[in-house]
Amino acid sequence: MSSPAPKIYVAVVGVGLVGSELVEQLLAIPQHTSPFQLISLTSSTRSIFDAAKPIAPDGAWKAQLAASAQKPDYQALTSQLAALVSPTQKVAVVDNTSSDDIAALYPAWLEKGINVVTPNKKAYSGDVGLYERILAASQASGARFLNEATVGAGLPVISTLKELVTTGDKVIKVEGVFSGTMSYIFNEFSTGKPDGPAFSSVVSVARQKGYTEPHPADDLNGFDVARKLTILARTIASGSRTPTALPVLASFASVKTASLIPPELEGIPTGDQFIARLPEFDAQFAQLRTEASAEGQVLRFVGVVDVVGGIVKAGLEKYSTSHPFATSLGGSDNIVMFHTERYGARPLIVQGAGAGAAVTAMGVLGDLFKLV
Ligand SMILES: NC(=O)C1=CN([C@@H]2O[C@H](COP(=O)(O)OP(=O)(O)OC[C@H]3O[C@@H](n4cnc5c(N)ncnc54)[C@H](OP(=O)(O)O)[C@@H]3O)[C@@H](O)[C@H]2O)C=CC1
Ligand SMILES: N[C@@H](CC=O)C(=O)O
Ligand code: NA
């Protein structure tokens, strides 16, 4: 009789909204069936690591982390995790931050055989050099880079796209509403009526509900959608059997993106300051709503990866009040339409909540299960 595979060691970096929920979901798996052992937690100020004594499902992890005298040390964490990797022992780091510095560590982790799972969009949508180093390191060591939650949170967007591409379907266009924040804002703000709630108030609620990026301007400037489109474009380009017409994106900044940030609010350092000044611009947004309503239309922030036309773009568009983007979206819903050769005139559609801690952590945990 062969003995069962050892449990996968998991180190979690970033315990904010999504990270805390992920820890709770991981620890809620019944111990006798769980394929994981949570051996390390790192916040922006503290860290704990003990491979011999995994974190227990007793609800004490937050207090344990808060009481730790150990400061985050990523060089030490990398060495400690690398020392655990063996042909029979899998190790994974989950990055739940939105940090560029943590994203820059992925190639080093992957090179050492440490799997990387993340909802953080920074690496795969950032500088093309980092993206290429991630692919090369993963290919060289066999360690996996899994990022389902970076697009559509827990919705099966990346896995669906990978399956379409690897099975040889030809993706023609991927389009949709890719931002939970933008979806919530415009579902509430622009319903087809000429009036409604103030723009700044719906942005504040989206933030309170945990949909926005740590700085809500990263949603409103369209960068979050541009990052998601970059991830999709790169996933298509790297998996396709033949070259596509898609441009090689130097980074998400190469995506044609129409920002919603009033010029006066560009560069405001904190989310709180940004939210405080947003009401000054409510009248401008209300005017857009009134104009759309007069044309029988609603406002929606959409993104397109046009594989055949070689175009990747994001911006605010108007849709008839009978269009699916107007009729079928609610809350933080994302809708993603995959137009492909096999699906013909009726696209494959994925729809549902595209932001929020519970569904995002589920997407991350789902990726961890892909390592089992
Ligand atoms: N919220 C959502 O609906 C979704 C989020 N995501 C992505 O998930 C990630 C997390 O989002 P969310 O939980 O909402 O954001 P939060 O701001 O709540 O959490 C991020 C956490 O990362 C911590 N952190 C920052 N830098 C470091 C560091 N160097 N080392 C350790 N910890 C660090 C922060 O700590 P501190 O606060 O002390 O700085 C914070 O607790 C982001 O990349 C986001 O884009 C993806 C899909 C949906
Ligand atoms: N801020 C993002 C969170 C998920 O990626 C969004 O609103 O979609
Ligand atoms: Na997803």
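Every residue gets a Cβ built from N, Cα and C, even glycine.
Since the structure is predicted, the reported quantities are computational estimates derived from the model, not experimental observations.
Annotated active site, proton donor per TrEMBL: LYS228, in sequence order. According to DSSP, LYS228 (active site, proton donor) is assigned to a helical segment.
Annotated NADP(+) binding site per TrEMBL: GLY14, VAL15, GLY16, LEU17, VAL18, GLY19, in sequence order. In this structure, GLY19 (NADP(+) binding site) is part of a helix by DSSP.
The NADPH binding site feature in TrEMBL is assigned to THR97, LYS121. THR97 (NADPH binding site) counts 22 other C-beta atoms within 10 Å of its own C-beta, drawing on all protein chains shown.
Taking all protein chains in view, 20 other C-beta atoms sit within 10 angstroms of the C-beta of GLU213 (L-homoserine binding site). What TrEMBL lists as L-homoserine binding site is GLU213.
TrEMBL lists 14-146 with the feature domain 'Aspartate/homoserine dehydrogenase NAD-binding'.
Among the features that TrEMBL reports, domain 'Homoserine dehydrogenase catalytic' is placed at 156-368.
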Neighbour tally for GLY14 (NADP(+) binding site), based on other Cβ positions within 10 Å of its Cβ: 23
Inter-residue Cα distance where the pair is THR97 (NADPH binding site) and LEU17 (NADP(+) binding site), in Å: 10
Candidates GLY14, GLY16, VAL18, GLY19, LYS228, namely the recorded positions, that fall within 10 Å of THR97 (NADPH binding site) by Cα distance: GLY14, GLY16, VAL18, GLY19
Of the binding-site residues listed as GLY16, GLY19, LYS121, GLU213, the one whose CA lies nearest the CA of LYS228 (active site, proton donor): LYS121
Cβ under 6 Å from ligand 2: qualifying recorded positions of GLY14, LEU17, GLU213, LYS228: GLU213
Binding-site residues compared (GLY16, GLY19) - highest count of Cβ atoms within 10 Å: GLY19
Cβ-centroid neighbourhood (8 Å) of the NADP(+) site, GLY14, VAL15, GLY16, LEU17, VAL18, GLY19 excluded: SER20, GLU21, LEU22, ASN96, THR97, ALA357
